[in-house]
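> Per TrEMBL, the features are:
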- 228-237: compositional bias 'Acidic residues' (COMPBIAS)
- 248-257: compositional bias 'Low complexity' (COMPBIAS)
- 218-258: region 'Disordered' (REGION)
- 275-316: repeat 'WD' (REPEAT)
- 319-360: repeat 'WD' (REPEAT)
- 361-402: repeat 'WD' (REPEAT)
- 497-528: repeat 'WD' (REPEAT)
- 530-564: repeat 'WD' (REPEAT)
């Protein structure tokens, strides 16, 4: 750094001197050129003089004619000598002036040199300090550079080692992937064999039940059975031989609509039966539409089918194939298929008649908490803990659409073109199936645990962790009723509530084991059934006839409530 600064000021002085030389030389160039010409003429004159002197002895012998010519030349030479003498005098004069200029310039140079020496004397200490500082910085930078080079070499060695390790791991991953594919193929083959075995066992069980049923029917055909007036059986009167009083019996039987059954059940509900339904917690329950068949699902990974006969639940069979606990159950509109969501990230469909597993829908990355048939029964909507909703096509068995909801989905209900989902973030979202977008949102005061639609599909029943049940008018998007009761407490994030078949009542289970029934018209608590559950109730379902309500709990118990 110091050498570079020294070269700089030296170069600056040299440039200044060259500039001065150029400026001052222009004033003397003409004088010097004239001086050079005079010197040349002087040299020429000296040569001619010597020549004339050498030619002197011969000149005396020349003729008189040559004398005149010599006089002319001598006269010309004298004139040239005078002229050259004048030019020489002028040149001496200019040389004196130039010498004076040179002296003055030398004096100026000496002054400048002294000034330069003074400036150097002033700059040397400062420059010495800066040079020392810069040399120290340079040493530090050299040390730092050496450290960086060592670190770089170390990192390079580590990179080479990691590259070797990565290559080994990549090869291991390739082998593991091949092994995994082989294991998956074997697992799928074993799963297919297991499904065939289960289907064969189900067929055997079905044949045994059919044989038993045929035998019971044959035995029952031998003796007459009394007609139960409370059964929803249409009795056709004969055209003749009946009086007015007898003809009114069928009309009385036909007048027992679901609304009448719901009102009767709410006013004089009694215990029908209770039993151990599953080996562990029971999470879901659902009645089949238009029949006495119902299904329950529990943490034992099974869906059990039951038939209500004379006020009691008789087991009909079990649907197997799930690898984790069941979270939701749904029948299709005809009651032929059963859809169940489970904690193994999948939804499954069985046929009710032969208990066969028909479809397994996988694709979620979290527990599937709800799954519902759309009204056409050819598509399914599932909601998961992974904060997505998926639309499935049963004909192609593929996922048609995936919608990110932003929060865990706890329950789903569907209309023709709209899907309503209840979420962990306290919101009910309304989705347009065709546009894959949210039509609107409604925020409640607690996490939404359950949704249910009224019979006319114009009202939505919600249950949330703030221990409130609300009915939302879907036409105005406003809360029409809010239900609560002392002691009622929502026991889980998947506690299910439902409407009665005529939508005049709502029923829900509490964390204290009580079943609460509210009247929609009055908004008041109609009944409280709190004697037979020993733990929090997870779900309730009202039969399509309005005669029964089944409640299931976190224990293994299911209780059937009846108006009989």
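From the backbone N, Cα and C atoms, a Cβ is placed for every residue, glycine too.
Locate each feature and note its surroundings.
DSSP assignment over the repeat 'WD' (275-316) gives 0 helix, 26 strand, 16 coil.
Taken together, the residues of the repeat 'WD' (319-360) have an average pLDDT of 91.
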> Any residues 6+ beyond the ends of the repeat 'WD' (319-360) with a Cβ under 8 Å from its own?
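Distant Cβ neighbours of the repeat 'WD' (319-360) are 195, 198-199, 202-203, 205-206, 280-281, 283-291, 293, 295-305, 366-373, 375, 377, 380, 382, 384, 392, 394, 397, 411, 494.
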> What counts of helix, strand and coil residues does DSSP assign across the repeat 'WD' (361-402)?
0 helix, 25 strand, 17 coil
